[in-house]
2 protein chains.
Amino acid sequence: MSHYHPLSEAEAIEIARSIKEVFPQDGEFVCREIGDGNLNLVFHITQPATGAGIIVKQALPYVKVFGESWPLTVDRARIENQALIKQGEISPGLVPKVYKTDTEMALTVMEDLSDHVIMRKGLIEGGVYPAFAEQISEFAARTLFFTSDLGMSPQDKKLLVQSFVNPHMCKISEDLIFEEPYYDAKANNIDEAIRDAAEANWADEELKLEVALLREKFLVSAQALLHGDLHTGSIFVTPESTKVIDPEFAYFGPMGFDIGAILANLLLNFAAQEHWSADEAARRDRRAYLLNTVRDVWTLFEAKFRKLWNEQGTDRLLGSAAFQDDYMRRLLQDTVGFAGAKTVRRVYGFAHVADIDSIPDAAAKERAQRLALAIGTSLIKGNRQASSIEDVIRIATEAAATTTAAATAES
Amino acid sequence: MSHYHPLSEAEAIEIARSIKEVFPQDGEFVCREIGDGNLNLVFHITQPATGAGIIVKQALPYVKVFGESWPLTVDRARIENQALIKQGEISPGLVPKVYKTDTEMALTVMEDLSDHVIMRKGLIEGGVYPAFAEQISEFAARTLFFTSDLGMSPQDKKLLVQSFVNPHMCKISEDLIFEEPYYDAKANNIDEAIRDAAEANWADEELKLEVALLREKFLVSAQALLHGDLHTGSIFVTPESTKVIDPEFAYFGPMGFDIGAILANLLLNFAAQEHWSADEAARRDRRAYLLNTVRDVWTLFEAKFRKLWNEQGTDRLLGSAAFQDDYMRRLLQDTVGFAGAKTVRRVYGFAHVADIDSIPDAAAKERAQRLALAIGTSLIKGNRQASSIEDVIRIATEAAATTTAAATAES
């Protein structure tokens, strides 16, 4: 850490200039700091003459939220760039290229993806991403399979586990996902309109038992190298392309945590469709698209994962069809449970999602929040009985129908 | 590793002489190398004038078996002495004191326990150890609880996981316990008389599914810092004292693996009681003692573990009674399954146990082997249905009765 200091724009440009792969010729550079300033500096550096661009990202040694500042290790930059490199090897084309890293300076120099849009924003604006389910399922299947004992030597895996020990970032997940939403924690951010729903969760022993079991898996189960924060804000998309970014929460954990994060964020957007108060047909269409995407992500993931297992499994002994079926059943159940936990925390936990928070109409926003909570808690409570992705579709569909019926009765 | 070389007796004495805690005065030393020469050098150094003694143990960079020699990392010495130190802090008096360590030389200088006997030998000779269940359950409850997320900060635990990554020693367990016994592996050591029983296991898909599930837990579930090889050959006893030694297989794994190892080795001795062909009463008495010990070890372990959880648990959220009951039920089931796997591998896998192998009468030895296999496979197949330690007692009792009935019918 001896040389660490926050990068200036001039320094960022000098680093960019050294990446001959992107900028073979020297010339004028334009630099813009585009980070939100809370966690990282993100410099977008372009060369107007050629149109080429690059990202220089530097971790800051603190996190700023609500005006407060907490220390946060910049080791997360090492985790992030090592994860990006590993994911890029395993799953080429689905993460930004890494051109250069500097551990002391907590730097990652990587591909400019400014032709893509952050998927959360894209979904809020009504975007449709026909390649997404295929590509994100490919990313998840390959990165999870090839970093598990199914797809690599258990001995090499143990060394990889060692290099991705990530206590500070895991602590954030432990607190925000598995703890604070289940009691009256200061850090929760609860809209007064739905406080009764939060309180109901705090008193729900069945729900809390399931959350404790999911949390135990998050703490104990070193199945594979996870992205660790695979929501739609960590995914860049175009209609043809999907790129997963920001794996600073990467660590060896339960696979269902990553797949569950994808599904949860599709379901949060599904709940947010309450904003179409005046156009039931538009809402129905949009929801059908989102649920089809939920179904496709899991179905394609499962098919790809099983194919990798059958064709490239390194582990003779875990190769029986009965074991594989049992494994996939448990993986689906974990996915359902973690999807639920990741849905609930985004409604009244510390950090919300723009899908719901940006709804201007208060009544529609409240309905969206209650719907997301109904889906999330049902997924959590039902996770150990889930036997098919259709269980998730059914839970979302029924909860939405109940919400619509109640809204109609009220109006 | 630059300075590593196998220690001479003279060097071992010099090291002993420096431990003023044990040898406050200089004088004559006597040194005897008492290791089996396959894995480690073990120097027992005494001072005849005072009667004081000490052990200097050095890991060798290879393992010798059947005249062959394989390389084996001496990092296991670091693992062993770090585990001994940690266990000694958590569970005082139940492991040898560590006086000095030297990572480069792969050395551990520790308490002389030559007033104790190796428990396997003691049991074979008919010894009775009234303090054993109380003390070994204390060791297991404390070491497992205080290195789990229940008894320490999940963040500190992650760093401890990192320092106990132990791929080479885990590979030995993976191969010998979970793999080779389930196919016709070269390394298996099968008495011709019971080859049919081994072959039956290789063809038993139900058994192999359960073994694959147990192996998955061994590979993935980082519950607590295990001893990793807690059989009766790793335990020194007197009627009043229990000391656990040799934790070179230590790593973060499923708790049931340690408790299961204790139970398995009591059950192997239980099976070996077939040697009393002419004295049914003596056999019955001995078996009752062993099964009572099995019951006591689990029952005391469970009570102590729950007490630690209730009184010293660091984890507010894992504190509900329903979660604790669910956790203990799963822990029992893991214990049953791992006990089964550890029993089977000792009958016809690479490394047997003297309890059975030392039976001179061939028919009695075969009966003991078949009985151990019957118990082991029943434990494995029944692990996910187990609800009480009485399930283990019943399986052993019924298998022994069947063996006796068959032997009587034959004679």
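Every residue, even glycine, has its Cβ placed from backbone N, Cα and C.
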Listed in TrEMBL for the ATP site shared with A:Lys57, A:Glu111, A:Asp112, A:Leu113, A:Asp246, A:Pro247, A:Glu248, one of A:Asn40, A:Asn265: A:Asn40
Per-residue Cβ crowding (10 Å cut-off), top of binding-site residues A:Asp112, A:Asp229, A:Glu248: A:Glu248
Whole-number Å distance between the CA of A:Glu248 (ATP binding site) and the CA of A:Asp229 (substrate binding site)? 8
A:Leu113 (ATP binding site) and A:Arg345 (substrate binding site), distance between Cα atoms, whole Å: 29
Count the other Cβ atoms sitting within 10 Å of the Cβ of A:Asp246 (ATP binding site), across every protein chain shown. 23
Could you check what DSSP calls A:Glu111 (ATP binding site) once collapsed to helix, strand or coil? strand
Taking just the CA atoms, what is the gap between A:Asp112 (ATP binding site) and A:Asp229 (substrate binding site) in Å? 20
Restricting to the binding-site residues A:Asn40, A:Asp246, A:Pro247, which ones have a CA within 10 Å of the CA of A:Asp229 (substrate binding site)? A:Asp246, A:Pro247
